[in-house]
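Annotated features, as they stand in Swiss-Prot:
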- Cys157, Cys178, Cys401: [4Fe-4S] cluster binding site (BINDING)
- 445-537: region 'Disordered' (REGION)
- 449-461: compositional bias 'Basic and acidic residues' (COMPBIAS)
- 480-489: compositional bias 'Acidic residues' (COMPBIAS)
- 517-528: compositional bias 'Basic and acidic residues' (COMPBIAS)
- 576-602: region 'Disordered' (REGION)
- 584-594: compositional bias 'Gly residues' (COMPBIAS)
Amino acid sequence: MAGELNAAPVLSTPEDHLFEYAVVPTDDQTKAKSDDELRDIYEITRTAKEVGEGGWRRIGLQFPDHMLCDAPRVVQLLEAELASLPQPTVPTSTADLQSTATACPEPSTTNNGQCGRNVQQNGTGCGCGKQAPAPVESQPKARRVYVLADTSYSACCVDEIAAEHVNADVVVHYGRSCLSPTSRLPVIYVFTKHILDRDAALVKFEKEYPDKEAKVVLMADVTYQVHVPSLLSELQSGGYVNLLATEIVHNPMGRIPNRKVVDAQGKEVEISHGSETSTGLDLRDYSIFHISQPPTALLLALCSRVKNLYIFQTSSDSSSLYSAQRLLGRRYARLLSLTTAGIIGILVNTLSVSNYLSSIDSIRKQIAAAGKKSYTMVVGKLNPAKLANFAEIDGWVVVGCWESSLIEDDAGFYKPVITPFELELALASDDERVWTGEWWGGIEAVKPPIDEKPGEKKSEENENNEAQDTAGAEQASGDGELDSEEESAPPEFDWRTGKLVSHSRPMRMAASKPKSAKKEDSSDKPDAPPRSSALTLRSKAQELASVNGVVSPGAEYLRTQRTWVGLGTDFDEEASMTIEEGRGGVARGYTVGGEGEKHLMS
């Protein structure tokens, strides 16, 4: 027997089931800071200067969750700094500035020697012959600062949706950032400056690389990037001769994402892209000494591009040589599970990256070309409970930035969640799928859709005509309604279970139906050969449900595999019964039926 309830049940999603950003705030981020420290960490002076140069009046400040404790004081300091700058003014309209006068047919429209109309006509005013009133100069408008504290997506991306709610002119993004290009608003990036134990970092470096001629690239998280030049100078003074450093640039698709490699003099070094024809420095001969824990997406992207990667942990004393081979193996297993998926869901996890719409279009076309069905859904923060509502989906692909597209803790998800790069490998045939170790997480690597050329369209029509002629010849030879293409297709097996999969390409099976219709139409012609009257067996796999004439694998799943499809749908399954009059009356006595016996209550 179930225990007695002492409180009302909790119907909301537990907090531990939410998908949260993996960065844990360190002690130096949560302790109290002075005003001077906040000015330095959040770069108040530089931010105010850029806002003043841009002439922006409505400023949105986007803080990650662990920095919200500093938001009120940052707003006060920024407003005080902005107050010392000249206030922006709203420019007067072009009509007011250009209104002049020549001649007016209606003298009654004048007022004390001035034009009372002030109407813009071809840039000369109304033509009354009187001087138009001088435009009134607008008063300076005070700047408004807003805190954007509820980011629906990953904290590394600029939340343009929240900024548009306050009609912001510019967004100031604080903390770590993926530096993905935005589509609408200008952005001021403030990575914030964190304290680094320089002596401990130098000791770890010398212990890991005792050889003074070791080829190493110094790299740091964006919050520690300010310490890289000084560390490089001190290490070179200690005798290291083959050291390089990195600087932050806005280039997620770089050989090192959002970084350029520079020498001791700050000159950029050309990097080879790994191909045989490319020239420049080969990063596979260099190790990377990374300050602070990088995101997992960066680790996977770098593991095949550099010799090895050493991570210096700033939040603890543990530092080690990192290997991503096991994690890459798990990612490869995830994408293999989608090779036989018939229905793929597209999760839109960003609305701010500039090319997300074209990337969605490309992914849809890739899925359709493979004979599979796709459904697009816009979500906020991902969690297993959201995706579990769609049992029809065999797997998911995330459309987001190169950091947030990777779902690290995906053990709780019922279906695999992969990146667009992994989807491209999953849709490839077994002969074409080659795993080289390269990996990418975002939509930057999605190939744009290829526009159809007129010549290609014409050749495609010729191929369709030839296919119809061939189909007519097959029908004349007695093949009936069977689709030879589907019969000749090789069987597909699930790589995990080894079972035969018959529904991995549902849209390709649906596309074979119009061919059969064309065959029937061609047989109605007078000169067409007579159709065979013999009965043929049609495969049930080709009988898919359709919605408004469009084949829908989701509707097919609802029809064949759902045990409950809504209220009132079980009326046909239960046998109907004749309505009979029941017992009636009052508590003193009841009557069974219209003329039934009366039962008295004792």
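Just so you know, glycine gets a Cβ as well, placed from its N, Cα and C.
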List the same-chain residues at least 6 positions away in sequence whose Cβ sits under 8 Å from the Cβ of Cys401 ([4Fe-4S] cluster binding site), in sequence order, or say none.
Ser154, Cys156, Cys157, Cys178, Ser180, Pro252, Thr350, Val353, Gly442, Ile443
With DSSP, how much of the compositional bias 'Gly residues' (584-594) is helix, how much strand and how much coil, in residues?
0 helix, 7 strand, 4 coil
Starting from the Cβ centroid of Cys157, Cys178, Cys401, which together make up the recorded [4Fe-4S] cluster site, report each further residue of the same chain whose Cβ lies within 8 Å of that point, ordered by sequence.
Ser154, Cys156, Val158, Ser177, Leu179, Ser180, Thr350, Ser352, Val353, Gly400, Trp402, Glu403, Ser404, Gly442
In three-state DSSP terms, the structure that Cys401 ([4Fe-4S] cluster binding site) belongs to:
coil
